[in-house]
Structure formats: C-alpha cells, structure tokens
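Record features, source Swiss-Prot:
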{"type": "REGION", "residues": "1-78", "note": "region 'Disordered'"}
{"type": "COMPBIAS", "residues": "1-15", "note": "compositional bias 'Polar residues'"}
{"type": "COMPBIAS", "residues": "56-77", "note": "compositional bias 'Polar residues'"}
{"type": "REPEAT", "residues": "320-359", "note": "repeat 'WD 1'"}
{"type": "REPEAT", "residues": "361-399", "note": "repeat 'WD 2'"}
{"type": "REPEAT", "residues": "400-437", "note": "repeat 'WD 3'"}
{"type": "REPEAT", "residues": "439-480", "note": "repeat 'WD 4'"}
{"type": "REGION", "residues": "502-547", "note": "region 'Disordered'"}
{"type": "COMPBIAS", "residues": "502-522", "note": "compositional bias 'Basic and acidic residues'"}
{"type": "COMPBIAS", "residues": "526-541", "note": "compositional bias 'Polar residues'"}
{"type": "REPEAT", "residues": "544-589", "note": "repeat 'WD 5'"}
{"type": "REPEAT", "residues": "592-629", "note": "repeat 'WD 6'"}
Amino acid sequence: MDTDNSTLPTEQSAVRETCDRDVTMSPRKRRRLSVSLEPELTEPEAAGTPGERCSTADTPESTASEPRSLFNSTPTEGNIAPFLTKHIKDQHASRNRFAPIDSSLPRRKADSKYCYRHRPDLKCRRQAAEPTVDQMQRDLSTLSQNDQQSIAHFWSLFSAAPSKHRNLMLQGIVAQCCFPQLSFLSASVRDLIRIDFVTALPPEISFKILSYLDTASLCSAAQVSHSWRALADDDVVWHRMCEQHIDRKCEKCGWGLPMLDRKRLKDTKRQVQLRAAGKEIAPNQRPQQQHRPWKAVYMDRFKVGTNWKYGRCTTTIFRGHTNGVMCLQFDDNILATGSYDATIKIWDIETGKEIRTLRGHESTIRCLQFDDTKLISGSLDRTIKVWNWRSGECISTYTGHQGGVLCLHFDSTTLASGSKDNTIKIWNFHDKSTRILRGHADWVNSVKLDTASRTVFSASDDLTVRIWDLDTGKCIHSYAGHVGQVQQVLPLPREFEFKHQSNCADDRSDRLSGSESPDHRGSHGYGSNNAPDQQPNTSAPPTEPMSPLFEALFTEDQGRPAPPRYMLTAALDLTLRLWEVHTGRCLRTFFGHIEGVWGLAADTLRFVSGAQDHMAKVWDPRTGTCERTFTGHRGPVTCVSLSDSRMATGSEDSEVRMYSFKA
C-alpha cells in the first residue's frame, strides 16, 4: 500500500507530460483528463476583486469587507501555476479570510505597475457590474459540479494573472473563437471599453479639455451625466468661451458675439457723477452688485448674434421730420436726428415717441453728436451749436467756417469740424483756441478724432483721405485709391482683427440657432444671396510709399501711441475700402451697392453702409461679403448708426428706421 501511494505522483506527472506533448489530442479529451487529475477543490478563499490584481507586483491582502464574487475563487496551493506563485505568493497562502490582517505581511510596493484601468487610485477603475455577475452566477449554477469548478478555476487564474499573462490568455481564447463567439465578444465589450476620462482627471485638466469644444459640443457634453454637466456648466469654461467670441471673431469657428450691454456701466457712472456733485442718491437708485453666470451671458449674446446672422429683427419707424434726415445717433434709450428742415429731434427708442425738438439753426443740419450732457450740431448756416439736449437749451454757438459745416467729431477736450470751405478746424474746449488744417482741394465730408495718438482723419470730395497731426497741424499721410468723392472715413477699434483667409469654414454653432428666418423683403430687407454682390478684392496693391513723417512720429523711441491700425472709407464710386493705416495699403474693396455710398458705421464684428440706391447693407469684415441687405426706404439712405443689438438708418424720405436684434 505504501509503495502504491508513493508511485502515484510519479504516474500523474508522467500522464501530465504526455498530455503536454500530445498537441493533437482533442480539447474534450484534454479537458476530461485534466479534470480527472485535479484533486477535489476546497471552498475558494476571497482574493480581492479582479480589478485590483492586474499588476506585476504583490497584490494587497483581502479584507473581511470584500464581497464574495465569481472571480474570487482561488485554487488550492498544489494547483497554482508557476507565474501565480512567482507574482502573488501571499495571495494563495492558507489563512482564515475573516482573520485580522497581519501588519507584518508584505504590502504592495509604491511603484507597482497597474493596468491603467485597474489602478485603485482612479475613480474610473473597472468593476464587474452587479447584474452581469448575478446573471453569470445563475448560468454557472446550471452546470455540473465539475464544470463549475473548472470554469471558476479558469476565472481565478485569469484574475490573479499579471497583465502580460492576461494578454496571452486572451489571445489564445480569441484565436479559438468562431464567428458567433467573436460577435458575442464584440457586443459585450462595446460599452465596457468606454472610460469616463473627465471624472478620472483633475478638474483643471478637464476644464482645459472642455475649453477646446465649440458651443454645440459643449452643450452635448453637459447631457452625458451629472458630473459632466457640473464641469461643462462651470464659469471657467464659459468665461473662456466668452473671451473667444464676444466683441471679436473666433479664429476657430468664425463666430463673433456683440459686446455686453453697457447700461449697467452707465448707471454706475451716473451714480458716481451724482455723488461728485453732492447730490443725494435714493436707496432704490443705488446700483446693486450682480453677478451673472458666464453661460447666461454667452446665451444672451449668442441669441443676439444669431439674430444678426439671419436677419431676425423688429423694426420701429420714426416719423416727424418734414424733410430728409441727414444725420443721426443713438444710445441705449435716446435717438437724435438732424434734418433738412433745420431741426434736431430727440426720440425715446423704446416707445418711438418724440421727446423734444431743438430749434435754432437757420439751414440744414448736416451733422450731430451727443453724450450724457450735451449735443453738438453742425449746419449749412456755417455755425456749430452746443445744446443741453435734456432741456432743449442752446448753450453756445461757434462760428469761423467760411462755408457750411458738413461734419464734426468731438472728445472730452477737442472738437474737429469739416466744411465746404475745404478746411478742418480744431477747437479746444479748455483754452478756446483754434487751429485750421489746410490741404484738401474740395469739400471735407468726414472727420474723426483719435485721442490716443493725437491725430485726426478726414475724407474729402478731392478723392483722398488724410491723417493729420493735431499737435503741429501737418498732414502725416494722404491715401488715394477711390475714384469717387469720399464721403466717410472711420478708424476701426484697436481690437479689430483682419485676416485674409478664414481659419474655420465649418460653423458647427449654426446647429444651435435653428432654422433660418423668413426672407426680410419689403420693409425688412432681404438676404445677401439676392443682392448683386461681388467677391471682395483681397490683393489690392499699396497706394503709395508711406510718408517718412509717419515713421518719425510713431516709433517706439518717441513713446507716442500709434493711430488705429485699420480704417474704413466709403465713396460715391459705389465701394467701401479697408485700409492699413501705417502702410497706406488698401486691403479689401467691398462691392455690392449699385449707387454711391453716403453713410457708414462699423464695430469689430460688422460694417454697415447706406447708399443712394435706397438700401442699407451689413458686411462681414472677415470675408468681405454682404451678409444682409435691408430695404424699405423710399429715398437714398443718407446716414446709418450701429450698436451691439441695434441698427438705425435715416433717409431723404424723412423717415428713420430702427432695427432691433435683441432676443
């Protein structure tokens, strides 16, 4: 008996070696032989979850709190594969699973290498789904005891194996799968291979990733889960979105949104002025500190930007003048208009009602400008008048031009005016001094001051545009290129950016705007596709060499701020032109009007022009194309004005039309 027992292990070893060599043996025979040679398995011990064992180093000990799982079956010590005893010696040591943990046992090393989805420090660590485990348990219970033990043994081996061995085991299994099994495998892993990287990463990195998304993608991300929504709605992400789009064209998608409403800023400024004057402020008039989420700010601006893009607006018509309207200006609440009938009218924008009429000029009002405290007007009667537009009182009258005053522009200290006498007069409010700028050979139709650089721009019927030095009265440079009388010149904001080519042709944000609005024909206008617009000229040559005086005045050594980099002009040759100021080069010519252009307005997002052809056009500076054409006036459009959410046009038909693009 003792001899027979001593030879049994040798016989089993011989049979095992024979099985290893016999590669032609059928899988069923090999499985039967392997099962028959296995000693009876004992109750498996808990070995931790499989997600915590994908390592080439020692695994942590099991604790009494770990749930029992299908994957926790552990074979007896005598049946452990060599790689198991090499890599996880302590895991298969015989011990009571409910015994307290011995602190003297070896712990996992700090530099242990995990599969990236099984790292215990990651919140996205893979865990077996409870419904899946329950279903597998039920399916397993329908099998024979031997089959259950074999499958549990295989699962335990795979669960305890390091990453390299797991890959080899999987490769072998996949290589033996038939097509239905491969299809089952593909369907099973389709959802399992997804990972919630946003939850796993630090918030700073998640914010950085989300900041690269456009609006449509960001809104889609917010619908994934509660955690994604919390990150996608965060002020950090939407503040970055506002920086990219508000008051500028985004280089990625081409979208630009209007600036924020300035009403709150103006209210605060008004309170400061009242306090400085020693006046009491009622408690209900004091500005309250308010903080709007950046997402709400972007949402409001996006609605306005979409309305601009598709021409969705409401129109208010102001009637009251008895002759053509020649000039206008508006702010948040007030509209001021000047007419051939020698009057200036102040209107309430919200109600469309006339507030008061300013009378005093003896001829046509050709130009006006107002701020919070005063309104200054110029007339063909050769005078300039300063008004208190709130009371209607004329404060003072300036004379000096030998011809009618055609244009004016003022800042806090200086007034510039242009006249039929071919001159520009500079008036100083503080010391009452004046300076005359001579050089134009015909009427001066437009003047614009640039306070920072101490310069003034002018446009004339002599077909030229000039830039002047306010300190010396000298002409710095003359720009030639128009073939018709230049009616308007407009230095563009320093924030304006010009690019010859678009960086992004696909505008995914259009998906959020819904369907396009109906055509704005008749009183509203119509889309640019219906207008006889031509492609812009983007390769115009320089007009003439830059004046050495320009380079001498605006260098870093002088410390004098340079004028705005770009300016826009309009002329009776039917075109608008965009110029680079410091080189004198015409960058782009805008074609579309079929008669001369009289009115011009612009901001960083769009240009607006009014012409003899009874039409007003909105242009995209980025592409040079006409975005929309507005019709409805029965006479030439002589003047236009523009804000973030409104546009106004005045015409010789005595009407003013206000288009509001607010949501």
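Backbone N, Cα and C define each Cβ position, glycine as well.
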Sequence-distant residues near the repeat 'WD 4' (439-480) by C-beta distance (under 8 Å, 6 or more away from its ends) are 403, 406-412, 414, 416-420, 422-424, 426, 486-491, 543-544, 546-547, 549-550, 553-554, 560-564, 567, 569, 571, 579, 581, 584
Would you mind giving the whole-number mean pLDDT across the repeat 'WD 5' (544-589)?
84
Helix, strand and coil residue totals from DSSP for the repeat 'WD 5' (544-589) stand at 6 helix, 16 strand, 24 coil
Per DSSP, what is the helix/strand/coil residue tally across the repeat 'WD 6' (592-629)?
0 helix, 19 strand, 19 coil
